[in-house]
Each structure stands twice: as C-alpha cells, then as structure tokens.
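Undergrad: Submitted below is the structure of interest, expressed as structure tokens.
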Amino acid sequence: MANLSHPSEFVLLGFSSFGKLQVLLYGPLLMLYLLAFVGNTVIIVMVIANTHLHTPMYFFLGNFSLLEILVTMTAVPKMLSDLLTSHKVISFNGCMVQFYFYFSLGSTSFLILSDMALDRFMAICHPLRYGTLMSWAVCVRLAGVAWAAPFLAMVPTVLSRAYLNYCHNNIINHFFCDNAPLLQLSCSDTRLLEFWDFVMALAFVLSSFLVTLISYGYIVTTVLRIPSASGRHKAFSMCGSHLTLVFIGYSSTIFLYVRPGKAHSVEVNKTVALVTSVLTPFLNPFILTFRNETVKAVLQGQMQRLKGLHKGL
C-alpha cells in the first residue's frame, strides 16, 4: 500500500449483462428516481413550512428525507447515464468521491433512524420530561453528531482505497464504486481494510440498530401497560412509519455490508443495492404519508387550501 498504483479510470459494467435490453431499464428507473426526489422534497418542504411539524420527530424525519435525496444523487444519475451509453467509465478520483459520499451519507441515515427511535422512546416512555430531554439543543446535537461522525470516519477509509495497488484490472462489476468490487481489483493485502470495514459497519449500522431495538423494546413494554385500546393504537401508530423504514433500511444494508471479507456474490449485491438506491427512497415518502396520521392531515389540509385558491381564481 506504500506505492500509488492505480488506473486513471474504472469501467463500470452496470447492467451490461442485459445487452441492448438494458436501455429498457432507463424509463422505469428514471421515473422511480424522479418520484423519489419529488416525494422526499415534498416531505422536507412540508416539515419546514408547517408549524405543526416543528417538533423533534419531524425534524429528524426531514433530515432523513434529505439524506435519501443525497444518497440517490451520488449513484443513480451516473447509473442512468450509463444505461444509454457503451462508454461506462468513471475517473479514479470520481470513483473515490462517489465512494466517500455514498457511504458517509448512508451511515448518517442510519444514525438519524436511531435518533428517531430515541425521540419516540422519550415521547412515549418519559412524556412528562419529553420537552426537557428532547429540547431543540439536544436534537441539533444528535443530528450534528449523526452527520459529522460518518464523514470524519470515512476519511481514512477512502484514503486507504486511494493508496491500494489495483493491478488485476480496472473493471468494476457494479453500477457504482461499491466496496467489495473495489477490493476484488486490488492485489494488495486487504485483510486489515476488511476488518476496518467490518468495525465501521458495527459502529454505524449495528450500533444504531441496537439502539433502535432497545428503544422499541421499552416502547412496546410501556404501550402494553396503557389501559385503553385507543391509547395503545395511537401510541403504536406514532411509530408505525418509523418501524417500516427501519425494517427496509437495515435488512438490506446488513445483508450487503455487515459481513467480513470481500468474496461476496457481486450479482446479488448489485440487485440488492439497486433496491436500496432507487426503490427504497421511492417508497419512503409513501410510507411516511400513508402510515403517519399527522403527515396525512397536513397534506390533506394543503390540498384543500390549494383547491380553495383554485376555485377563488
């Protein structure tokens, strides 16, 4: 790893195995990407503009929607453009930048999910002290740590990739610069890097997942003690959308990255990564609106207001 030996660019195979049929993927994937962008943007604007949503829960939700937009922007536009061209290349520096932002933003999204779980834990298990425990100062600190920690921790990770010896070839069997395909191109000893990657996954993915599980363990115990059925239903409905996001996000990411070693099935990883990069960000706004009564009420109010303005004109 002492010598800088790397190609000037990488070839991204993407979905070349589909041959000319890969062009047929462009329309559906572009539509999903645009809908994901619009849907998450609507959530952000709604949280900022509506005073009823100026609470810690929706503050974290707005952060999560912003992260969904940014994560998809790091990989999906390049993937879409490659579907229409036979020259599927990315510069070495561009690959390192994509790697850095994709994994930094992805790690931040999991920490924000754990912040959302902590917020629900405080709201349901400590309602009388909720205003003090989850003050705006506390929320800003939690979000700040969630954003800063992965971006700092990923610096040595991306630098280690920049100084690997890539002597096998420059062909990445993926639609973006993912970790396992990059390591497979290297002829350097990557065992220490693989261990570091596993530690990073434990630090950001499994630790936040553990915080979420513990928080919801206490939440379930507290909710079951509520005497009225309506009270229990209201408490669980507050957490429904978040739990759905947790299940979708963690299940795919743990499958992809919380495994030591680089001998993964690239084709399977590519398919799961496509789901997490395009389909999940598309589904999240619908999950947040369909399963969250407050968001639905705000959207319905805005729609009625727009109809009133239209009739007035």
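Cβ coordinates come from backbone N, Cα and C, glycine included.
Since the structure is predicted, the reported quantities are computational estimates derived from the model, not experimental observations.
In case it helps, TrEMBL gives these features for our protein:
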TRANSMEM  23-48  transmembrane segment
DOMAIN    39-288  domain 'G-protein coupled receptors family 1 profile'
TRANSMEM  60-79  transmembrane segment
TRANSMEM  99-118  transmembrane segment
TRANSMEM  130-153  transmembrane segment
TRANSMEM  198-224  transmembrane segment
TRANSMEM  236-259  transmembrane segment
TRANSMEM  271-290  transmembrane segment
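Situate these features within the shown structure.
TA: Through the fold, the transmembrane segment (23-48) approaches residues 15, 54, 58-59, 61-62, 65-66, 68-69, 72, 76-77, 79-80, 83-84, 278-279, 281-282, 284-286, 288, 295, 298-299, 302 of its own chain, all at least 6 residues removed from its boundaries and within a Cβ separation under 8 Å.
Remote same-chain residues near the transmembrane segment (130-153) are listed as 56, 59-60, 63, 103-108, 111-112, 115, 118-119, 122-123, 200, 203-204 (criterion: CB distance under 8 Å, separation of at least six residues from the stretch ends).
Long-range contacts of the transmembrane segment (271-290) within the same chain, counting only residues at least 6 positions beyond its ends with a Cβ under 8 Å from a Cβ of the stretch, are 29, 32-33, 35-36, 39-40, 42-43, 61, 64-65, 68-69, 71-72, 75-76, 79, 174-176, 178, 241, 244-245, 248-249, 252-253, 255-256, 296, 299.
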